[in-house]
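Q: Swiss-Prot lists 477 with the feature active site, proton acceptor, giving sequence analysis as the kind of evidence. According to Swiss-Prot, the feature ATP binding site maps to 358, 359, 360, 361, 362, 363, 364, 365, 366, 381. Taken from Swiss-Prot, the feature signal peptide covers 1-27, and the record attributes it to sequence analysis. According to Swiss-Prot, the feature topological domain 'Cytoplasmic' maps to 318-673, an assignment based on a curator's inference.
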């Protein structure tokens with residue numbers, strides 16, 4: 001049957017509409033072009049803004065800040081919500097980096113594709129506003145970037161201080177090369193300086209079928225080279241979810257620098273539109289001002305006067321310089337952010353005045369100070385250079401420990417080296433060390449609630465050291481004198497002078513047996529390997545000490561050695577374990593909590609490492625998340641004093657008093673009220 005002609009267009013229209021409905025939404029091509037950014041609709045944060053002449057300025061020269069600019073709407077990179085197939089995309093942009101010096105800049109910038117425009121957790125400096133030290137490389141970042149980096153950062157395995165890299169979820173590039181391009185005529189590689197203050201054009205192309213990323217760059221006046229600078233297969237489907245935002249990120253460090261984008265184009269499933277070079281705004285260029293004739297006359301006279309004045313001041317200056325001289329070596333550049341100037345520490349402690357002296361530890365004196373710039377209270381420990389390991393390795397370990405961040409750890413802020421001394425800078429703890437609170441007659445007796453909170457806090461800090469940080473940190477000297485109390489009487493584990501670091505999943509190395517008698521696990525006498533289990537043993541002794549108000553090893557009235565673990569175990573066998581709680585509490589304690597602490601302390605003190613609970617279990621027991629198994633006193637059938645003698649610790653007791661450690665006490669990093 002033939003339809004009447006008037007109805008034919010309507011039928012055809014319905015047919016095309018029906019076919020159009022079958023076309024997936026993901027096939028819609030996204031395309032935009034910005035020849036300059038005047039009036040451009042972009043999303044900004046940080047320092048990013050558009051200048052009066054249309055430049056997208058990501059950073060304005062302010063130190064240690066970041067800037068981001070994004071196309072405001074998310075783009076669909078996967079071909080459909082239930083598909084992992086990726087769409088191809090292409091982008092072209094012109095950038096420029098203007099530093100204070102032609103051959104030196106302050107970190108770089110990056111083209112980015114991100115799941116979210118919110119990068120508030122990212123850090124400036126070497127992190128370029130993309131990630132931070134904790135999440136660098138995490139798959140949950142969902143971040144793809146092409147970086148233009150002007151600083152060599154060894155922590156990211158950078159190849160040079162002038163390179164281009166392809167980044168996935170972090171700043172350890174999956175592919176990188178020195179900035180430059182391949183000449184189409186000769187095939188020779190032409191170097192480019194990212195900090196030349198000249199505009200550079202960049203093309204980034206991704207093939208959704210082959211998963212190949214090509215990055216090409218050239219000076220603005222050079223046509224696009226045929227051979228890309230970088231070419232890498234990258235499975236972006238595992239990085240980018242269905243939709244993502246495209247834009248730019250940059251950050252500054254300690255030097256003056258501005259990062260600019262002059263123009264930008266983007267297209268999904270096709271070549272990015274060519275930018276109109278003649279329409280792009282110009283980069284600011286700093287030219288030296290012509291010297292005036294007046295300056296030519298005045299300058300020689302002023303120079304002569306200045307030389308005389310400088311000569312008069314040199315003697316005073318040199319004396320002050322010698323006074324505040326420090327020992328610095330080239331390898332310490334890596335640890336720069338963790339280094340304090342001796343001058344600041346000198347003024348902070350009033351010239352290391354005796355009035356500021358908190359105490360004298362095993363390695364040196366400890367002073368209370370107030371940093372002149374931040375007014376923060378600190379404890380400064382002056383340590384003599386030891387020979388137990390190379391200074392470079394020692395400083396590296398100090399800096400590594402300085403990166404620990406937990407509310408129940410004393411923060412190591414940094415260090416300074418000078419004339420045979422190493423100065424360590426810590427947070428100041430106003431309420432002193434726990435052992436002083438437990439044993440000093442003039443102190444008010446700690447309430448049970450305070451003791452239980454301190455025990456749980458130190459356990460939380462120990463879990464962070466053992467399992468939650470990037471490396472395993474074995475403390476090796478857990479005891480009451482190494483637990484400091486902040487202004488709110490929260491316990492913070494400190495003194496990492498004996499601590500050892502090793503990677504998760506590896507075995508600790510054999511070392512000299514060091515620590516404090518009464519806290520040393522029995523197996524250390526024959527294995528020499530400090531481990532998480534030996535730390536748990538020391539923590540068990542610590543729990544008993546806090547609950548009972550007695551030292552792990554002491555002398556009775558008849559000069560007999562009394563081991564706290566054995567005494568508590570005897571009382572448990574007699575059915576009176578809570579009778580061991582500190583009598584100064586006069587019975588004012590929660591019996592269930594005290595029983596838990598005492599029984600858990602005994603369980604941690606088991607002579608077999610495998611019978612002790614893991615650190616996470618220990619925290620779960622103390623927090624009440626998991627009940628402590630019902631154990632009879634016969635399960636702990638041992639005599640700790642006999643075990644210590646069997647393991648050969650008696651000579652060690654003679655060398656290291658029971659109330660001190662081979663590394664000196666950390667309690668001097670605090671002061672009582």
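Cβ atoms are placed via backbone N, Cα and C, with glycine included.
Just tell me what is around each of these and how deep it sits.
A: DSSP classifies residue 477 (active site, proton acceptor) as coil under the three-state reduction.
In the three-state DSSP reading, residue 366 (ATP binding site) counts as strand.
In this model, the topological domain 'Cytoplasmic' (318-673) carries an average pLDDT of 78.
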Q: I'd like to know which of the binding-site residues 358, 360, 366 has the most other Cβ atoms within 10 Å of its Cβ.
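A: Top count of Cβ atoms within 10 Å goes to 366.
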